[in-house]
Amino acid sequence: MRECISVHIGQAGVQMGNACWELYCLEHGIQPDGQMPSDKTIGGGDDSFNTFFSETGAGKHVPRAVFVDLEPTVVDEVRTGTYRQLFHPEQLITGKEDAANNYARGHYTVGKEIIDLVLDRIRKLADQCTGLQGFLIFHSFGGGTGSGFSSLLMERLSVDYGKKSKLEFAIYPAPQISTAVVEPYNSILTTHTTLEHSDCAFMVDNEAIYDICRRNLDIERPTYTNLNRLIGQIVSSITASLRFDGALNVDLTEFQTNLVPYPRIHFPLATYAPVISAEKAYHEQLTVAEITNACFEPANQMVKCDPRHGKYMSCCMLYRGDVVPKDVNAAIATIKTKRTIQFVDWCPTGFKVGINYQPPTVVPGGDLAKVQRAVCMLSNTTAIAEAWARLDHKFDLMYAKRAFVHWYVGEGMEEGEFSEAREDLAALEKDYEEVGVDSVEGEGEEEGGEEY
């Protein structure tokens, strides 16, 4: 088996975890107490879901997951919620005091007291796996626990599990709305620390998701539950290939192989379609061509940036439901002829396609309509550099005045770490810029240089 262990860190990570596991349970017919009624052998007893669930002797299915937060309130909601019987109490780990939106507390002072306990629990989960594939790490960039503790954990996982893949699902600070003033500091510090430890990071920006909820689902004031359920659908699409048998199956390492051209350029953009409310879906027939086109609308992306200003390096289309390769090929051919999308010249239009016959599941009473087919597009585009540029700019404004820096230094960080992290991100922006430059021009310039 190719098992995956999910680690949910901090408030954002834990709440995304709730949405994801709720959805996984629905998709696999697992009840909130972990039992799987035997009459529900959908698809003739496919056991691929064991990549995400382990089965106990009593026939109970337990998620291969750990929830960690430095303060107890959010995880307490899991302990008392609908799915309290699903998790083993040891999988829910909480500290006493929170990281107070401070990367240094999450990474150094408070984080280091709990890290060994967390690694011990992860080791127990890993021991139950026959062939551990890697880790999915859910966290936010802006919070203290999400930024500081995640980067600490990833450093330690690299030491303990060397070559195992580590994929991140990270909540990127929204351009307009902010949950903490120091978000830019935390984001840049955590990106710098995890850059070499993460194999692939799917970023999700709250504001982009707010807009999708408002525009496509007509929710006036989206709550975190609305946002997380939408994120859950995306995570589910990305992991569906690991949990179900399909025609074209994709495993974790296969994503990286196809999406990450250079180790540092590992921030694919996720787009999901159709995001549509039940009353609208009733009147529309969403064809493969339509949902494929919708993926190339910047409005449906999970991060605010404009791919029309960037170039694509690679593109994965993950379809699920009633989809046949013929329709997919036709839809992609149409998109290629429109040429609104530009690929870098060193990568001839590479679309990787995965099809999973399990139709998308929706949470009963949720906002999303039940549809016959859906698609999640993962594209590695140079446009995401816009997101880094925005963040770097905010960092610079604050750091120029050394605002709030004393909180970090007081927790044992050195000021040098700030400038080091900022330089690393400047380099990352530069990397993205260079990847998008046409290779032929570059050679011409070098030859010109030799003549003088």
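Cβ coordinates come from backbone N, Cα and C, glycine included.
A quick note: this is a predicted structure, and the numbers were derived from the prediction, not measured.
Site annotation (Swiss-Prot, ligand GTP) includes Q11, S140, G144, T145, T179, N206, N228; from E71, E279, E284, E290, the additional listed residue is E71.
Check Swiss-Prot against the ranges 33-53, 432-452 and you find region 'Disordered' recorded for 432-452. It is 25 Å from the Cα atom of S140 (GTP binding site) to that of E254 (active site). Comparing T145 (GTP binding site) with E254 (active site), their Cα atoms are 30 Å apart once rounded. Note: the Cα of E71 (GTP binding site) and the Cα of E254 (active site) are spaced 36 Å from each other.
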